[in-house]
Amino acid sequence: MKVPLSQAQEDMIKEAKSNYFDLPGLDVSIAFPQATPASIFPPCVSDYYQFDDLLTPEEQAVRKKVRECMEKEVAPIMAKYWEKAEFPFEVVPKLGALCIAGGSIKGYGCPNLSITANAIAAAEVARVDASCSTFILVHSSLAMLTIGLCGSEAQKQKYLPSLAVLKTIACWALTEPDYGSDASALGTTARKVEGGWILDGQKRWIGNSTFADVLVVFARNTSTNQINGFILKKNTPGLQATKIENKIGLRMVQNGDILLKSVFVPDEDRLPGVNSFQDTSKVLAVSRVMVAWQPIGISMGVYDMCHRYLKERKQFGAPLAAFQLNQQKLVRMLGNVQAMFLVGWRLCKLYESGKMTPGHASMGKSWISLKARETVSLGRELLGGNGILADFLVAKAFCDLEPIYTYEGTYDINTLVTGREITGIASFKPAALSNRSRL
């Protein structure tokens, strides 16, 4: 409850303020005219080893159209929405027109892109704004892909066409307050009743959930004790999704807490292809590749911003790009981007050839996100004071990278997935808590 101020307190506060205290801040172009803000996005100069030559004409065309849209439509408004922690609904039709939602799904109005083209699109969106990239990834590489891989023919025809053009929006609800990395132990329940199922439980950190038209929800079947998947619709009785406040990263993404209280789901909305937690692995294998490309895109954008900034900003009578320390940091960033891109590209090729393992995907995501952290941190240093302003991208990217470092498997969990694969020994639980020896 807000306690009203007394007249004396109000007078004291008013006396303490200057007569210009409540004036709006100066536009950044006036306050700091020496460098161009990210609302006018810098050209891409990070492809030093000319990796574009590795892409097919289709993949190059996808990169071009996504880059143009993001720089023109999203860059000018992203800092405003990020600051307010609001989602830019105005850009949804423009993102839908790109025809990248549904990525590698064939038919049902989906683009049937190669995994590489899908990944390139994810990187290009993240290069300008990581929140928009996460919005599309949750919608497309998690929710739509689950319906595409695990849904019935009727479900695919019913839901995918409108999702493919972003006429309707989807979310994907697996994580719970008590089960994050240990997601397979989830506690939300699904109880069979006549004509359908009753869902009870709670989900947390679910992107897009506060406004999603379609919610893909995972719950434990009380009869089989296995994980099943369900499609819920917005405003279903007993369903509630509320926004998680006070995030420092991906502030435009509307992460929510979902409460399920005796929610009835008809039989036709149970996903027939999800009968155990292992069935989610088919989806997570693809989404983990896509998530690995988000830090690549973020790092590309930060490098592009720093490259322009160092040539524009002058100190001691010379551009910052003229100083040895700054050049050394810039080259480290550029080297990281080249290595990250090559690992991401190879991951796509392994998937396309049917050779990718869970360990491959996990090492790609964990290593790339680690290198991105280093890259963005160097960029933060290079921009000095402007490195803490969202106007110049780097501070925003610095914060946005933190949740990406954690979601879709934390850095540590992903390294353990790879560790299990190369040693044959699982080390997820402390030995003292395990019922048998790891050996």
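In case you wondered, yes, glycine gets a Cβ from its N, Cα and C as well.
So that you can see what the record holds, here are the features copied from TrEMBL:
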DOMAIN    56-164  domain 'Acyl-CoA dehydrogenase/oxidase N-terminal'
DOMAIN    171-263  domain 'Acyl-CoA oxidase/dehydrogenase middle'
DOMAIN    281-421  domain 'Acyl-CoA dehydrogenase/oxidase C-terminal'
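The helix, strand and coil residue counts that DSSP assigns across the domain 'Acyl-CoA oxidase/dehydrogenase middle' (171-263) are 3 helix, 51 strand, 39 coil. Note: the domain 'Acyl-CoA dehydrogenase/oxidase N-terminal' (56-164) comprises 80 helix, 4 strand, 25 coil (DSSP; helix = H, G, I, strand = E, B). Averaged across the domain 'Acyl-CoA dehydrogenase/oxidase C-terminal' (281-421), pLDDT in this predicted model comes to 96.
Sorting each residue of the domain 'Acyl-CoA dehydrogenase/oxidase C-terminal' (281-421) by its DSSP state yields 121 helix, 4 strand, 16 coil.
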